[in-house]
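Engineer: Let me begin by handing over the structure; questions about it come next.
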């Protein structure tokens, strides 16, 4: 509504021109780059390119006018304000004097328009915001549903996850034990009295200064932990694992400098190097295509398919060396053959590889007392027991896969493995379980 300027018909109510100091008459110009205060010019000063201090003649500008309809197509904004001012001056019902003061409308038009828009239906159907927009903007009267927050997690006191979080209490946003927790002990016996000597007084003040420096260090460490999101360590580690191995090594090296550059700058630095790594890998792939004489992506897809086929053939030729490892154990050899048959038929290996000399398969994980168990259903508990995965880690992996699936509209196994980066067999079982239960969909 800035372009309305002043609706008043009195020129003295409008701001003066900065060029000639005359009263502004619509339309006039407002500089869009200067201000505050706003920089107004009349048309004459604007056309001759008036400049003053920081204002230049090539600045962008706005045309200030009230010559447009607001409530009725046949009434301009200037006439609306003139009608209201005339009613205030002449009184309600004195429509002849109102029309004489306006000069542009008859008394019948003034009465009809005023009664319609300001008495019978004031500012509802005729305002700039229609009823539909007003209904959408209306605040709902229903209760706001409550959703428990899991970030940061709220483990039970003295649980394993609580110890991993250094005793952090999310409800209080503080720790059970502070850094340098006994810093206050040095002050417990200090008492300032008037008969202290200058040396003793200076010594006590030095102890207080040391205590203040220890408090500053405590707050500095808290700020670093909060700014960098180190409260939920497992979530932090999960985010770190989404990078390739080379970027993870850089992440580990540069972590000690994160407190210096700040969280945003540190994340930008890591993301830029991750992008650089992706670009280098893509350049290397394109160089491989060019070395092989490939100049278009259609041929590149054929090349990748044939290369993958050659790799599979090479792996099959090395199976003999694997068989030789179990040649002395007939039972293990039969298990290996059945496992390879399942793989060739596209099934997951149903027989785990064991040998008389090897270790036994691990028993199912006991979930009793582990944090997060109460958030799992029976099928999820069974999955965590079989793959020996703690509930907290499973919930983080599940959340990461769900977010990625919603973002991409589907998820492939290769994407899941690149995202959570744990044992590939465990990843496959988690991925198959989430697909089977309908949590995610295949891409």
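Each Cβ is built from the backbone N, Cα and C atoms, and glycine gets one as well.
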Engineer: For the region 'Disordered' entry in Swiss-Prot, name the matching range from 347-372, 373-398, 399-424.
Structural biologist: 347-372
Engineer: Please give the sequence-distant neighbours of the DNA-binding region (426-435): residues at least 6 beyond its ends with Cβ less than 8 Å from one of its Cβ atoms.
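Structural biologist: Answer is 348, 379-380, 383, 386-387, 389, 394, 397-398, 401-402, 411, 413, 416-417, 420, 441-442.
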Engineer: Treating G and I as helix alongside H, and B as strand alongside E, what does DSSP give for the zinc finger (12-69) in helix, strand and coil?
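Structural biologist: Helix, strand and coil residues of the zinc finger (12-69) number 7 helix, 15 strand, 36 coil.
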Engineer: For the Zn(2+) 2 site given as 31, 34, 55, 59, which other residues of the same chain have their Cβ within 8 Å of the site's Cβ centre?
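Structural biologist: Other same-chain residues with Cβ inside the cutoff are 32, 33, 35, 39, 54, 56, 61.
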Engineer: How many of the residues that make up the domain 'SWIRM' (356-443) does DSSP mark as helix, as strand and as coil?
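Structural biologist: Going by DSSP assignments, the domain 'SWIRM' (356-443) contains 53 helix, 2 strand, 33 coil.
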Engineer: With an 8 Å cut-off on Cβ-Cβ distance and a minimum sequence separation of at least 6, pull the same-chain contacts of residue 31 (Zn(2+) 2 binding site), or say none.
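Structural biologist: Within the chain, residue 31 (Zn(2+) 2 binding site) has Cβ neighbours under 8 Å at 38, 39, 40, 41, 55, 59, 60, 61.
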Engineer: If you average pLDDT over the domain 'SWIRM' (356-443), what do you get?
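Structural biologist: Here the predicted model's pLDDT, averaged over the domain 'SWIRM' (356-443), is 82.
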